[in-house]
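Peer 1: According to TrEMBL:
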{"type": "DOMAIN", "residues": "11-53", "note": "domain 'F-box'"}
{"type": "REPEAT", "residues": "81-138", "note": "repeat 'RCC1'"}
{"type": "REPEAT", "residues": "139-194", "note": "repeat 'RCC1'"}
{"type": "REPEAT", "residues": "396-447", "note": "repeat 'RCC1'"}
{"type": "REPEAT", "residues": "448-526", "note": "repeat 'RCC1'"}
{"type": "REGION", "residues": "466-502", "note": "region 'Disordered'"}
{"type": "REGION", "residues": "526-579", "note": "region 'Disordered'"}
{"type": "COMPBIAS", "residues": "529-544", "note": "compositional bias 'Acidic residues'"}
{"type": "COMPBIAS", "residues": "569-579", "note": "compositional bias 'Basic residues'"}
């Protein structure tokens with residue numbers, strides 16, 4: 001056979017076209033190909049092609065969400081995605097020097113955050129306890145806020161100090177592109193393009209753990225996940241490894257490395273004029289990671305929508321979620337389990353897996369009171385397979401995919417007999433992602449809507465300035481007579497608007513969300529033809545003295561951060577002052 005013979009595209013296997021060719025064609029060429037025949041129109045508009053193209057062109061994987069469609073819409077919107085943040089303003093976590101006017105403490109509606117370079121395309125966002133992390137299409141990691149606002153730091157310090165704030169977004173200069181991020185309260189871990197795992201206890205000196213278990217090519221890391229004080233990795237084989245950066249022996253090793261680096265001025269990680277942080281990286285070779293024990297025997301689940309013949313292998317964990325001192329996992333067959341306690345290495349040795357029947361088995365779900373209290377608008381599901389879990393602090397969420405998706409909410413104290421909290425407003429809504437703060441929550445739907453509920457938490461719900469909302473509206477005051485009180489908790493998931501900074505209403509589509517502490521963030525694209533315009537806001541006036549009765553109320557009083565009453569002018573201006 002002549003090796004120079006050209007094989008027509010239509011004769012190549014579809015798998016080769018969709019997996020190995022189409023994702024690497026320029027988008028313009030791919031769209032032109034759709035005009036040549038119905039065959040190529042079908043292939044080139046397949047969601048699988050655009051999902052792979054998002055990863056190839058923008059470093060966007062959609063990991064952490066349950067999205068199963070709409071990839072082409074996201075590809076178009078990633079031309080210029082917008083980053084929005086809202087909630088608590090202390091520790092510079094809004095990433096701006098000056099903030100819009102507000103009648104209350106905090107940032108109560110989404111604020112567009114701008115990056116130093118207009119060419120930066122943010123494709124993933126994650127929230128730490130007092131900070132945000134964002135991943136761009138080149139694999140660069142950007143940070144703002146304060147990694148540890150409880151630790152004092154001087155303005156002359158570099159980012160080798162965890163208490164050094166980043167008042168605006170700063171880019172971390174790392175050895176390799178980053179693929180995914182997970183945040184604890186005062187630390188973060190990331191997975192890079194070489195499957196190396198890095199941990200940050202400050203932004204200037206990240207370390208990698210050179211453990212043979214993380215370097216096994218046959219079972220590489222597929223997910224990095226942080227709890228409040230621990231980091232963990234899930235491998236392709238379903239094994240989970242854990243480490244504790246704030247507990248010995250690792251804490252001692254980190255301290256020894258920090259002290260040895262302090263004498264080198266080049267390792268202070270001082271920012272450049274371009275807001276870049278040159279990271280002084282190091283590796284830890286002597287640490288034995290803690291491997292969690294195997295799963296217990298688990299029952300076969302009925303009515304999952306999957307042929308039982310396809311579940312011949314034992315269940316294995318495919319996704320994990322870190323809480324305060326526990327970890328929640330979901331298997332490839334839909335079992336939800338909790339492991340604890342993970343306070344430190346010694347306590348983890350006595351930990352065990354607990355199967356959460358009421359979050360896994362459809363018979364328990366169908367018997368839940370929410371489906372049996374006369375609410376005819378919400379029918380019990382015919383099938384159910386939990387595929388995703390997410391968690392933070394004391395809460396977790398287990399959910400399924402599709403138009404009949406179920407969202408099940410639990411606490412870290414959940415046991416085998418604990419029933420989930422099921423909010424009717426979140427069921428059958430195609431929820432693809434859920435983010436959890438200390439006392440507030442957010443859900444993202446497949447059609448780009450963000451719903452929030454929970455405590456006001458310095459504006460973390462993002463429903464608007466309560467003084468400007470109609471009485472009784474979600475996020476507002478119950479009536480005009482209660483405008484001097486703290487806005488009440490919102491129990492019903494309510495939609496967030498992303499056009500507070502525009503002159504006219506805008507059609508905007510959110511494709512990623514995050515939450516932690518008392519703050520929330522989202523990645524949003526504008527569906528209007530002229531959507532490249534940045535938002536503009538009415539900003540705070542220069543500091544003006546206030547009468548004592550005009551002092552804003554203290555935040556919710558539900559836990560840290562604890563803040564004294566500030567004048568509106570002081571707390572909303574001046575390089576992010578706060579605790």
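Placed from the backbone N, Cα and C atoms, the Cβ positions cover glycine too.
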Peer 1: For the region 'Disordered' (466-502), give me same-chain residues lying six or more residues beyond its boundaries with a C-beta closer than 8 angstroms to one of its C-beta atoms, as numbers and ranges.
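Peer 2: Sequence-remote neighbours of the region 'Disordered' (466-502) are 82, 84, 100, 103-104, 108-112, 423, 425-426, 441-443, 449-456, 508, 510, 522, 524, 533, 535-537, 553, 556.
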Peer 1: With DSSP, how much of the region 'Disordered' (466-502) is helix, how much strand and how much coil, in residues?
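Peer 2: Grouping H, G, I as helix and E, B as strand yields 6 helix, 6 strand, 25 coil.
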Peer 1: Taking a Cβ cut-off under 8 Å, which residues six or more beyond the ends of the domain 'F-box' (11-53) line up next to it in the same chain?
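Peer 2: Those are 62, 68-72, 74-75, in sequence order.
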Peer 1: For the repeat 'RCC1' (139-194), what is the mean per-residue pLDDT, to the nearest integer?
Peer 2: 97
Peer 1: Tell me the residue counts in helix, strand and coil for the repeat 'RCC1' (81-138), as DSSP assigns them.
Peer 2: 3 helix, 26 strand, 29 coil
Peer 1: Kindly report the helix/strand/coil residue split of the repeat 'RCC1' (396-447) according to DSSP, in that order.
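Peer 2: Secondary-structure composition of the repeat 'RCC1' (396-447): 3 helix, 22 strand, 27 coil.
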